[in-house]
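Feature annotation from TrEMBL assigns domain 'Ig-like' to 1-86, 94-176. The domain 'Fibronectin type-III' annotation in TrEMBL covers 183-273, 278-372, 376-465, 470-569, 570-663, 668-760, 763-847. If you look up TrEMBL, you'll see 258-279 marked as region 'Disordered'.
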Amino acid sequence: MGPQLKVVEKTRTATMLCAASGNPDPEISWYKDMLPVDINSSNGRIKQLRSGALQIENSEEPDQGKYECVAMNSAGTRYSAPANLYVRVRRVPPRFSIPPTNQEVMPGGSVNLTCVAVGSPMPYVKWTMGLVELTKEEEMPLGRNVLEVTNIRESANYTCVAISSLGMIEATAQVTVKALPKPPTSLTVTETTATSVTLTWDSGNPEPISYYMIQYRAKSLDNGFQEVEGVATTRYSIGGLSPYSEYEFRVMAVNNIGRGPPSDPVETRTGEQAPSSPPLHVQARMLSASTMLVQWEAPEEPNGQIRGYRVYYSSDMTAPLSAWQKHNTDDSSLTTISGLTPDITYSLRVLGFTSVGDGPPSDILQVKTQQGVPAQPSSFEAEAELDTRISLTWLWPVQDQITKYELQYWEAGADSKKHVTFNPAGSFSVDGLKPDTMYYFSLAARSEMGLGVYTQPIQARTAQSMPGAPPRKLEVEAINSTAIRVTWKPPIQVKQHGQIRGYQVIFSRLENGEPRGQPNIMDVALPEAQEAVIGGLHAETTYSVTVAAYTTRGDGARSKAKVVTTTGAVPGKPTMMISTTMGNTALIQWQPPKEMVGELMGYQLQYKRTDEETFTSLELSKTKDHHTVTELYKGATYVFRLSARNRAGAGEAYVKEISTPEDVPTGFPLNLKVTGLTQSSTQLTWEPPNLKERNGKITHYIVVYRDINNQQDNTSRTTDTHLTIEGLNPDTTYDIRVQAFTSKGAGPLSPSIQSRTMSNDFPTLNFGVKAVTKTSVLLTWDLPENYKSQAPFKILYNQQSVEVEGNQKRKLIMQLQPDTDYSFVLTSRGLIAGGLQQQVSIRTAPDLIKTKPITQMSQGGKMTINLPKVQTTTRVRWYYIVVVPRTQSMQRWKNPDEIDLEELLRSREGPVLRRRRHMEPPRAYVAAKLAYLPTTFTLGDDKDYMGFRNKPLTNQQEYLCFVVAVLRNEGTDSTANYSSVTWRALIRDAATSLVVTLEELQRSRD
């Protein structure tokens, strides 16, 4: 075999094949262009392989030519046919594989610009900036050039140039020096109200910005600017401003560099508003018996230019302000009112108004129309100075000749008032008050002409003080040899003098009845604390204990000391070891206490599961050093306590907690039952296995179900104790089981139950509970309009069944237990598994009303009854008082459970029945609907109670009365509870009970 035509790319490896055979084996040599190939001078680049092939690595253009191989042995020489080798040179113009990218830098920052170009031949890469060469000719690298630019102050363009024999290319990167934004322009106020200003502006920036910031301040204040950040548009309304006030506004633009300079400011004044405060320091005095001078100062918050004032005055201060006489003035701060009635007391109030409206009136000031009698002191204020002192201040009446002031003050809740008279002044301090107590004060001025009007009472509370009495009922008892328990009650309320912040328990060691050393103080910083345990005491030692309460002002008086002696020393802790086995047992081993005081009498071992309330306790003899506890639950955590006993008692216990190993459950889930059905789903509930058989924490449950006509099981997993199986077939019976899992695996499957899904043809609709009492349930259902079947239905509950005609569409189930869960199944055939069915679950009402109403007295068609007390009102929504005229047909009823509710439900009044009403015996009716149950109620008062008429009673008619409590209960229309009484109006009492359904009661409105 000779060489074949070959084309190889420059720098790649070329192999020319040759093979020859002969006897003896021939030697092979190679010729290129008729000349021998010089393998030795190629520095290993050209080599002849053992097979005879010629291999040329890193091919070059001179390697191109005509090759032939020659086979030679002693028998002769053989030449192959020549074959050409062509070396192809790849020629690719330069291109950028990584072109330079635009950059943004901070002023004075630095950046590296990278440029990578490729081609064949590989191009040289250089950088220029305009006409300036940034890379020296002799330093131009091949392929990649990184330009480092430092201390950049101005933006500039940098160009990368790639050059090879096949051409030149270039790419430019822009380096931008970041700058703060320029100030916005054309800031304008476009709209003002009394409390807001709307601004607009132009951006003023060609570059995008992040957001705008608005700064504003009131010109009348020395405060700095307030700021509104994050404004995204060039229009913004600023609210919360003060009316009729001058403001200065300016706007700044913000970009990712920072906040730019502010715009030129604009100023504007907000609009007017009615004053929001009354005139200040209103005072008045009589110029004559019928003329009054009134003066005041401008409101603190005028909200605009005050256009004038209105002075309202009246001799009846309780009348509405609109009924008072009115005197208008301009914007002056005083006026006179004439034409007043002498020798009476006038009340006056002053308000200011702007062009927008009236402000609020001042507090009432009272003046007697007697010349020379001082007006009521104004601006009367009180402030606590100390725990026993309150300071009073006021304004002096205008130009009145005050000779004395008279003050009345009294403690809140007290009947008597104290009177104080003092010389003219603008303030007065009342001393000798009780700490932390509310007082009321009223002040009047007196002149030679008489006493003025007292101010309306003002109030102030004295400051808190330290408690004025010790805690009460101090008791101390020894707990053991090192601890005592101290209990107490707070000081009496009137002596607490403030809020109790805590207590200090002071105790001292006694020797021969005398304290030894400094007393110890335990701080109990809980206001509601009434107990403390003091530990770390000495055995058989006597201590003196006292307690003091404290407020924020300091400690109060200490209680009388109590003396207590600790018990004898008890043993220290024994040491204990516990080991568990797979057989539900624990071996407890121990050693006696290292600190043994007195004679060891025995041990006490206590243990319980962490979810139990009480310990199992064992008394063990002193000779025992171990004990085995059996019948532990698997997968449970237990607490063990072991203490040693001497004659003084049990010592400190050694406490250890252990967990028994988990296992798979040995019991199955309990009470698996169906709680809801549709054509395609079954709702299930169950309870976990018995605690003893769980053997650990139940991690999840698997419900296994199958069509009874199919052996293929289906499963659903849940972590709850309820599950709705979806996607079932209609009118199909399913076999259902459930099993529990711990971390160790599955427990046994529960016994199966069978449930049949509803049929698409099942005629009943909306099977549900209409009404519930404590012992009965009214069940209802609907039927399609075209339903003609006469087949009876069955209602199944609690292993009982009741047949009912389907077209009755209701059934009252009686003799149930109060406050008990029931599940009712309506089925079209007898068997639960084989019948078409619907199911509802309810809970009967609790027995809230346990006593009957009692008749009290009767008069003229009325009867007053004492109503029963309700056990709890938290679930009660309404109360109904029901009256039933007793007729011969009702004699058979002995209690509410026996009433024929269906008869009442069918007795709905229509036009025909209403015409014949005079022929029918009287029937039950609701006399009243009440939100709460009063102690007594009068029947027959002919009043309306929330839509029900309390009709007058008929003389000589015997009635039954009962109370219905309608409860808040989800899932049913109402839940009722009742209590009843019977009486004959004006004649006698009886004790027969009766109840009607709430639905019938609602229909019995008169």
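Heads up, the Cβ atoms here are built off N, Cα and C, so glycines get one too.
Counting same-chain residues at least six beyond the ends of the region 'Disordered' (258-279), those with a Cβ under 8 angstroms from any Cβ of the stretch are 180-185, 187-189, 192-197, 199, 201, 204-205, 213, 215, 219, 241-252, 296-306, 309, 333, 349-363. Broken down by DSSP into helix, strand and coil, the domain 'Ig-like' (94-176) contains 3 helix, 57 strand, 23 coil. Here the domain 'Fibronectin type-III' (183-273) returns a mean pLDDT of 91 for the predicted model. Residues in the domain 'Fibronectin type-III' (376-465) partition by DSSP class (helix H, G, I; strand E, B; coil) as 0 helix, 46 strand, 44 coil.
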